[in-house]
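Residues or ranges marked as transmembrane segment in Swiss-Prot (evidence: sequence analysis): 25-45, 52-72, 90-110, 179-199, 254-274, 305-325, 335-355, 405-425, 612-632, 641-661, 674-694, 706-726 (among others). Per Swiss-Prot, N-linked glycosylation site is recorded for ASN447, ASN473, and the stated evidence type is sequence analysis. Annotation source Swiss-Prot lists region 'Ion transport-like' at 642-723. The nucleoside 3',5'-cyclic phosphate binding site annotation in Swiss-Prot covers 867-999.
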Amino acid sequence: MSSYFWAQNESNRPDLLCGQPADYLVEEKHFTTLVCFIVVLGGLLKMCLKNCEVIVLTILSLSGFVIGHMAYNSVEVHQIVYPLLRTSSFSLYSYFSPLIIFMVALDVEFYTLKKMFWQVLLTGLISFSTASIIIGYVVIKFNKDSWDLQSCLLFSITLGIIDPLRSVNSLKTIGISKIYIDLIRGESLIICSIASIFFGNFRGNRIHFSIFRDLHVGIELSYDILGSIIFGYWCAKIIQCILADVFSNMLTNIILCFSMVYMTFYIVEFLGMSGTLALAAVGLNLDSLTFKPKIELVITKFLRIFSSVYEHLIYAFFGIVIGCGELSHYEFHTIPFIFILFTTVNLVRLLTILLVSPILMHSNYEYNWRWGVVITWSGIKGVFNLLWAPDVYNLAERKVEVPQMFILYVQVISLLTMGINSYVMTQSARKLDLCVLSLPRQMILQNATQHIQEIVQNTITLFKTEKILTNVNWTLVEDKTRIEYIPFSHVSHNDMKTESTTDEALMEEARLHVAAIQMSSFEKQRNNGILEIEAARILIGAAKCYYSIQGKFMSIYDVSTYMRTRSWLIKFKNVLTFLEYCIEKIHFIPPESNTFLTFIFHIVFSEEFEYTGQIINLIYIYPMIIHLWPMARGLNVSALISINYYFMFLYVLESTLKIIILKRKYFQQCWNTLEFFILVIGIIDIFCVYFVKLRPDNLALIQLTVIMGYLRIIRFLPLFKIIVPILIRIADVQIKKRLSLMYSITKGYIKSQEDAKLLIKQIAVCESIYQKLCEILETNKQDAVKELVLMEHEGRDVVIALKTKQAIRNVIAKALKNLTFLCSRGIIDKHEVIEINKVLLKKLKALNNFPKAIPPPTPDIYLHNIIWLEGKDVLIDFFKERAKLACFDSGDTICKGGEMPQGIYLIISGMAILHSLSPTFGIESNQRCDRGSRDMFTEFCTTGDIIGELSCLLKREIEYTVICETSLQACFISLEDLYEGFDAFWPSLEYKIWLKLALSTAYQYFESSLIDEDLRFQNCVMFNQAYVETLSSYSDMIIDNMTMKFVIIVYGSVIDTKTEEPYFAPCIIPTTCEQVQGTSDLSKLLIIQASELTQRNSNTNVMASVNTVFEQPGKNINGRQKMS
């Protein structure tokens, strides 16, 4: 293949695609104009004839035919198209096919193809074999041209290829399941790869049918397939590494991506393998997570633009090639033969689907005869058939007189299948109700439409309050923005009336939406830097694998494949730890008079003694090689015997010295036992050699001696002691990597469950479905939380490293965001922004080498992590003097529900389980009549969690019971010490604890409403973005909606003084309420300031800091120190 690709033809005149050679001086400067003309014409036709691509390609083919016929009759036109005619067919294939193959493979869902790989592979093989045999037979039977057998076979292979670009384009716009689109595309990729391998072997080796019986053909095919896949896989890894660089910009990434595609194709072809298969492997191993969000969009657009332009050029070029032939060759029998071929192609496709239907029915519960009908019409031909058509003539054993007939048949058949098959396929899908939305899906769409209408109406209501919009005609606005129904082309209105739905169908549709929300959440977390790319890829892959399993909600146990790997690594490490040789000095006090024992003691427990033993084992390698080599052994028998005696003497000496000192403890170490066993085997070997000298005619004794000689290899086993520590370090690194990965996966899964829970109100079409979904999501979340807590207890150092790394990433991301803000306001010049951006990105890139484990801090350092202490040394020192270390064993009770609190516990290590009824929030049961039986819930507490804050603040009974799941250490601050701190730092300390509890309660219950608010504790303290108000019984508070964006009651209850409507914690008080009155002994309200006021405070601080930095940086720093 490589010789054909690079070498020139043996004759001085190159092979022509078609037409006559030029007998004049050729100038190629006008060919570029022809290419530009075709591109412009194709673009204009595509713009005028939207959704009529087959007509565009037909017009371009006819235009090319006209240009080719003009070239046949005119020297001037022939001079323009001659560069095309002298271009080899493989060159055209190399120019156009790589980008199209890459785009198609990139669009195929890898996880779907992986799950149905054997079904897709069998479908592709059966389709290729059936088409090659039947089409070849029809061509031999009905074609009147004198084609040889090899030409017929190559033509049948060419016509049997299914175009991966056109075969599914018409299905993507009518709502067909993505599974079947990937099935068809996967099949077409396999067929294209097989065809490229066949043509490559024909092109490179000029093989004939007789050679197919030889063994080397099978070896070459294996080399082509495996080599191409492996090369493509590693090229995909290289592209992933290139795109993962944080310093690379969009333009660089796009250029490198396109360059790597072509370079991969050319290198693989040069090595004699299949470039098509290699690029298919590259595209399948890249996914949406490989590219940054904006880059993926741009690359996809570029691929679509180039593939469309290439398609127009291919059809126009081959139209020119056909037109360059003599018209007298196009006889009447050409037309019937074309229709025979068209009918044969579709019948072959029908036979293929009949053969593979049992396989597809077994692999997919949705497959039935209706899908078979639609897939039957998916055998559409396109650009790949055309690109391989000229090779039928070039690789034929016997050259035919009219080579352009191969191209004519393929081009006409491809246009017919594009027009007829595409139309029949889409109409069949519609008539057979395969693209009609199910009733549950239609109900969800209707629910979503209503939700959008509510958002529109709420927006209009909000705009009506703005003074600048008072003179707007709101009636006209409401009329123009009213959404009565969103039309979908694949919605059946009759089914809405006739189809009956069940909870199972609604639940299944909701399950699919939950899976889609989860996958979207995983990708969003990856783009935001929360999830590592490997963790996101595993989660998305697992979600897609379980997506097609009816009734299956993915749990954390379904994605814990790496847990098994991790446990295997732990067991492997435990075995290595057991085998690790460590010298433990025994309590040995040698007698003062016995200097000999003292001398041996120092020898045995010295490092030099161990090194000497290892050196002896290494030196024995050479005599062992001589012993195993028969010729050398025969020449050095006596020398080998003497060396064996010498080494056995050293082994005896080593063991004797150890036994003298260690005595019975000698056999407690496994390596000592092994050495003693080697010593015994060696002594037996010596005796066997000695007895063979005495009885040289004893065959059994000779055989035993030979076996004992080979057993000398076990003398090298102690060398494994050197490798064991290295293997332990490698295993430890891998365990930490797996634990880190699994921790990231679990955190990402929990976040996806929370995201799904926020959106299930739009998914669920009835209350019962909503309750079931909430229950399933909460159960799965609790399971994941339990796994997360166990991992935190199991690998504290790894979890600390992960959390620290994530905190650094969040800080840098915030800095990049603020840098963009300063640049957009013109405060910093763009050049300065680039320099600062490089510094921040360098720090972000340095996180790739961040340690996998960080030792946990000491107990007193954990006080710095208490948020309401704010890291102030005065507060920390105050509580450090009074804090005590409390230790609990597994099963101990830290605190019990109904008891008075003793103080607060800050967990340092370990895990505890909190059992409680749903919290009362300070509301008596007689106050809240709508409160029925309180549900029981479980929460897991681990390192860094605080137990007992609220109970200590209120001095009321604890509402929960906390039991240690593992051994636990906690920093204990007694109730007396806590209130002593309240008195010493009044009132800020108690207020900050209430603020922290109020913020956590608000986020826990109203995260969807507060998602756009920046309610970090430090911001609330510094900028007063949110604050806590206290109401006692019968005390009032006025709500100013101009300054208060949200008023959330987080503890106790209040009533609206105007309507006397009660509000119980936790609850967001509506904006219609103007004044509230406390109805509990103690009520706490979290006030979130309006965005304008908050933004003003924030901007004032930011701009003040900016001005100060530019003007007086030193003064700013001193001022901060005074403030602190």
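Even glycines carry a Cβ here, placed using N, Cα and C.
Taking the features listed in Swiss-Prot, we show where each one sits on the structure.
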| residue | record | contacts (Cβ under 8 Å, 6+ apart) |
| --- | --- | --- |
| ASN473 | N-linked glycosylation site | none |
| ILE867 | nucleoside 3',5'-cyclic phosphate binding site | LYS996, PHE1017 |
| LYS884 | nucleoside 3',5'-cyclic phosphate binding site | CYS971, PHE972, SER974 |
| PRO901 | nucleoside 3',5'-cyclic phosphate binding site | CYS895, GLY948, SER951, CYS952, LYS955, ILE958, LEU975 |
| TRP986 | nucleoside 3',5'-cyclic phosphate binding site | none |
Legend entry - Sequence-remote partners of the transmembrane segment (706-726) [C-beta within less than 8 Å, at least six residues beyond its ends]: 576, 579-581, 613-614, 617-618, 620-621, 624, 627-628, 644, 647, 651, 671, 674-675, 677-678, 681-682, 684-685, 688
Inset, instruction - Between the Cα atoms of GLN969 (nucleoside 3',5'-cyclic phosphate binding site) and ASN447 (N-linked glycosylation site), find the distance and write it as a whole number of Å. - result: 51
Inset, instruction - Could you tell me what the rest of the chain brings near the transmembrane segment (674-694), counting residues at least six beyond its ends with Cβ under 8 Å? - result: 641, 644-645, 647-648, 651-652, 654-655, 666-667, 701-702, 704-705, 708-709, 711-712, 714-715, 717-718
Legend entry - Counts by DSSP class (helix H/G/I, strand E/B, coil) across the region 'Ion transport-like' (642-723): 77 helix, 0 strand, 5 coil
Legend entry - Top partner of the transmembrane segment (254-274) among 52-72, 90-110, 305-325, 405-425, 641-661 - counted as Cβ pairs under 8 Å: 90-110
Legend entry - Residue among recorded positions ASN447, SER918, GLN969 with least C-beta crowding, 10 angstrom cut-off: SER918
Inset, instruction - Can you tell me which of 179-199, 405-425, 612-632, 641-661 gets the most C-beta pairs within less than 8 Å of the transmembrane segment (52-72)? - result: 405-425
Inset, instruction - Quick one: give me the count of other CB atoms within 10 A of the CB of CYS952 (nucleoside 3',5'-cyclic phosphate binding site). - result: 22
Legend entry - Alpha-carbon spacing, ASN447 (N-linked glycosylation site) to SER918 (nucleoside 3',5'-cyclic phosphate binding site), which is rounded to whole Å: 31
Legend entry - Mean of pLDDT values spanning the region 'Ion transport-like' (642-723): 82
Inset, instruction - Given the cut-off of 8 Å on Cβ pairs that are 6 or more apart in sequence, determine whether the transmembrane segment (305-325) and the transmembrane segment (90-110) share at least 3 such pairs. - result: yes
Inset, instruction - Residue list, the transmembrane segment (90-110) vs rest of chain: Cβ under 8 Å, 6 or more residues beyond ends. - result: 4-5, 164-165, 178, 182, 185-186, 188-189, 192, 203, 258, 261-262, 264-266, 269, 275-276, 279-287, 303-304, 306-307, 310-311, 313-314, 317, 383-384, 387-388, 390-391, 544
Legend entry - Helix, strand or coil at PRO901 (nucleoside 3',5'-cyclic phosphate binding site) [DSSP, three-state]: coil
